[in-house]
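J.: First the structure, which I've put down as structure tokens, then a few questions once you've had a look.
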């Protein structure tokens, strides 16, 4: 059945829209609320496990204030302390009840956060939890005209639902105790290692499949040219294998379309729109999984006859018996994932469909020369930076980050991502990477291998090994940057493009191959690969 015209464009744009790597935020940097003495804490997420009548209950999550004492990072060092209600509830004046190192629970409003915290400290509270009047977390800062901001107890904001739950327990005469601590994310999580291997392995496999297929087509075309009559000509740019060669115009247009699609995702993000994305992702995943399975099974002699025997199917045209055999499995796999995509292990199915889709796109789409690859990756480099960082100036938030997280959709992120749960992270969550961060550099890496095979260069003298190594290093630097930024999402192409494209251009110039790399099709317009002499 393959990927055809409109379907391929849908799949390609879906794949390139989110170019983003993330591990989730635990530290919130905010330049709008500048730091000053006494108000210089980072906004950190805080774990608030609770015990009701001695029995462990729900663990709540809050956010630490810009001011106040910093919290313990380890649970074993955090004291389990009794929680009491403020009286008055807003704690804008000294409480009527006497405190003895208790944690006090107060409502937001009627006075500043620092005023509440100072009153709590003077009343001998060990910490203050402030309930927001919304379900979101709010960053507590010092007001510009406040001077008494050196506060010696921690201050934490809780969402409305969490605060109401704790308040009800206490009002029902239950004894409530809490712990306050802000665990740090480990420097390296196993999830990032596996995600790195997954991305590098996908490009590696797709590159060899792309080069092998292109060489097989070249051999067939060479036979046709030798056996055909004199009036036979092979049209330039048309491949019997259905390969799509990108030109410079389409490279620029592709990024423009991806930007438009990203804005559409941002504006229309909702539960119903997420369902539309899931359907489109499943269509692309079915096509990708089907293509990969047919290619894999065709390597076995027992399936070769089924792969080479065709039947005409309405709308789809000639379809092999092997394709018909694997299609029900692919459809069932995608449907099962879509139905159960919210369960904890659904990421496995999403990654399988995603990797199959990426490999298929890299098999079908080719960068014909380094010129097109340079234009494409340069545009993608600017695209990634703009939608992660610069978009904040227009939209008041990072468009790429909002879309990747799937905000307002009721889902845990959009499906066009590879994701692995963080295994040793106390905050949980996923390490993710966008399809575009694999596909776009993968197009250049696959071109490098095809060029090496065309010019019969070995691994060390060629470009593929260096391009593949550069991609791996660029992705590694991305994850180092993620950890240095406390898990704050990073545009992966910001690091990957300079490594891959820079390595390619520098090495080509040094070896004197830059002219041939820039437009290799001119040197052999009819056949892209010379067949082996063996």
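Each Cβ is built from the backbone N, Cα and C atoms, and glycine gets one as well.
Copied straight from TrEMBL:
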- 1-23: signal peptide (SIGNAL)
- 82-166: domain 'PA' (DOMAIN)
- 193-211: transmembrane segment (TRANSMEM)
- 244-266: transmembrane segment (TRANSMEM)
- 278-303: transmembrane segment (TRANSMEM)
- 315-339: transmembrane segment (TRANSMEM)
- 345-365: transmembrane segment (TRANSMEM)
- 372-390: transmembrane segment (TRANSMEM)
- 427-449: transmembrane segment (TRANSMEM)
- 461-482: transmembrane segment (TRANSMEM)
- 488-507: transmembrane segment (TRANSMEM)
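Locate each feature and note its surroundings.
T.: Counting residues 6+ beyond its ends, the transmembrane segment (193-211) has Cβ neighbours under 8 Å at 295, 351, 355, 358-359, 362-363, 366, 418-420, 431-433, 437-438, 441-442, 445-446, 448-450, 453, 464, 468, 471-472, 475-476, 479 in the same chain.
Counting residues 6+ beyond its ends, the transmembrane segment (345-365) has Cβ neighbours under 8 Å at 3, 8, 11-12, 15, 198, 202-203, 205-207, 209-210, 213, 242-244, 246, 281-282, 284-289, 291-292, 333-334, 336-337, 415-421, 430, 435, 438-439, 442-443, 446 in the same chain.
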J.: State, in range form, which of 427-449, 461-482, 488-507 has the highest count of Cβ pairs under 8 Å to the transmembrane segment (372-390).
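T.: The stretch with the most close Cβ contacts to the transmembrane segment (372-390) is 488-507.
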J.: Mind checking which residues of the chain, 6+ beyond the ends of the transmembrane segment (461-482), have their Cβ under 8 Å from one of its Cβ atoms?
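T.: For the transmembrane segment (461-482), the list is 21-23, 188, 192, 196, 199-200, 203-204, 207, 431, 433, 437, 441-442, 444-445, 448-449, 451-452, 455, 488-490, 492, 494-500, 502-504, 507-508, 517.
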J.: Can you tell me how the residues of the domain 'PA' (82-166) break down into helix, strand and coil by DSSP?
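T.: Taking each residue of the domain 'PA' (82-166) in turn, the totals are 17 helix, 18 strand, 50 coil.
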